[in-house]
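According to Swiss-Prot, the ATP binding site annotation covers Gly173, Asp174, Arg175, Gln176, Thr177, Gly178, Lys179, Thr180, on the basis of sequence analysis. Annotation comment: Swiss-Prot describes Ser374 as site 'Required for activity'.
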Amino acid sequence: MAELTIRPEEIRDALENFVQSYKPDAASREEVGTVTLAGDGIAKVEGLPSAMANELLKFEDGTLGLALNLEEREIGCVVLGEFSGIEEGQPVSRTGEVLSVAVGEGYLGRVVDPLGNPIDGLGEIETSGRRALELQAPTVMQRKSVHEPMETGYKAVDAMTPIGRGQRQLIIGDRQTGKTALAVDTIINQRDNWRTGDPNKQVRCIYVAIGQKGSTIASVRGALEENGALEYTTIVAAPASDPAGFKYLAPYTGSAIGQQWMYEGKHVLIIFDDLSKQADAYRAVSLLLRRPPGREAYPGDVFYLHSRLLERCAKLSDAEGAGSMTGLPIVETKANDVSAFIPTNVISITDGQCFLESDLFNAGQRPALNVGISVSRVGGSAQHKAMKQVSGRLRVDLAQFRELEAFAAFGSDLDAASKSQLERGQRMVELLKQNQYQPMSTEDQVVSVWAGTTGKMDEVPVADIRRFEKELLEYLHRQEQGLMTSIREGGKMSDDTLQAVAEAIAAFKKQFETSDGKLLGEDAPSAAK
């Protein structure tokens, strides 16, 4: 019988090999907290000492929360979703992630919630990645000056407060003054650029609806679809029925989707409708989290809430891809008071504002643009050269007309020059009126404004101005298509071009019949005397 020998070296080697190759079963080390308070869309959580600011927390029913307050003993978080199932004592776990949203071309033509989930019933969205909501805006060296036009299709805006790609232009005014209409028409006006298929002309649009009625959001979507603009537009919807947390986050979601396209070298237009309601939602969340209130009960960082959002709109340098994101934030005022807290904050952040006035709106002037306090600080360098050429005197002429109109209201006798100026001003005011969902092309605006400011419409009755303009532009597109194309594609108009436009207008006037049955051509000799 063979003798059993035990070799200590073999046993030692076997033990060493086993120890070195041993891998324990993956033991999950997870911090688990407890809900101590829940309600009104917020929750207080104890027992997560390593949680980060703006980290996502997961509740027992799968609902997510966003950590906003990191206090000594507990965390104050805003619940992202339905909060009725969250109760005291329930466990809460960390996710180790910050809030992000899926991005990509699949968002075009879709309606999504503030977390990027589709809510239009058209199935899942094909995405190309994810982007964090809280990202730094482009630095100074990554930017370039605004120099390309972003036309709204409104003569009053494009002539007097022009907007450039990468600019932040505030639309401000009381409720029911046409703010959303101006923004939606700007989206519709990008339709012809989109259909060219040229990436340098195409503009992807994002409409962020914050605290709007569901019916209003549906009507905006319907208007975009009816006018062929939904195919290049994304709607981020946080209706009035959504929790305050969603209304606070919606603009950042839209901005993240747009930034992805901007950094890919594409052009984006984003509309925030409206930031007053976002500030109200943030105030509600902050007060529920016991943050100290400041002016008008807003928290101390409400300026930063909007500045870090709007600073993301930029025109990138060529080295960064030359993309752009143009922002049109909307702010609602009370009784035309632009000196309130939120309006003054956003005015100081943006590059200009279009002030829409309820008195002008009710008087039938639409868009109801108050020329006196509306301004574009950087858009002048981006304005189409032909438009800049013809609109130079428009603002001054209108301001003088308003002053003269107020003076004439006293019934004073006016000299012939003042009467002439008053009559031309009335025609210019009528000329600047436009119907909703009917934005005008650049060449049509240029011809229309030039004809008005140079007195080519002085003999047209005020009641016939808009019909004269419509029929004149139809005549020019029919008879002088080459001339209209040269205005659109060229820069500053030459003397020959201006002469050709003047001759075409003169030829049309001879065949235009006024509402009282007269031909303008018949009155021309007497008007010249």
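Cβ coordinates come from backbone N, Cα and C, glycine included.
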What is the interatomic distance between the Cα atoms of Lys179 (ATP binding site) and Ser374 (site 'Required for activity'), given in whole Å?
14
What is the Cβ neighbour count of Arg175 (ATP binding site) at a 10 Å cut-off, with all protein chains included?
11
With an 8 Å cut-off on Cβ-Cβ distance and a minimum sequence separation of at least 6, pull the same-chain contacts of Gln176 (ATP binding site), or say none.
Ser358, Phe361
Just jot down the residues in the same chain as Asp174 (ATP binding site), at least 6 apart in sequence, with C-beta under 8 A of its C-beta; none if empty.
Glu332, Thr333, Lys334, Ala335, Asn336, Leu356, Glu357, Ser358
From the centroid of the CB atoms of Gly173, Asp174, Arg175, Gln176, Thr177, Gly178, Lys179, Thr180, the recorded ATP site, which same-chain residues not already listed sit within 8 A by their CB, in sequence order?
Glu332, Leu356, Ser358, Phe361, Ala368
Report, in whole Å, the straight Cα-to-Cα distance of Ser374 (site 'Required for activity') from Gly173 (ATP binding site).
11
Going by C-alpha positions, which of the binding-site residues (Arg175, Thr177, Thr180) is nearest Ser374 (site 'Required for activity')?
Thr177
What number of additional C-beta atoms lies within 10 angstroms of the C-beta atom of Lys179 (ATP binding site)?
24
For Thr180 (ATP binding site), which of the three DSSP-derived states applies: helix, strand, or coil?
helix
In the structure shown, which of the binding-site residues Gly173, Gly178 has the fewest Cβ neighbours within 10 Å?
Gly178
What residue among the recorded positions Thr177, Thr180, Ser374 has the most other CB atoms lying within 10 A of its CB?
Thr177
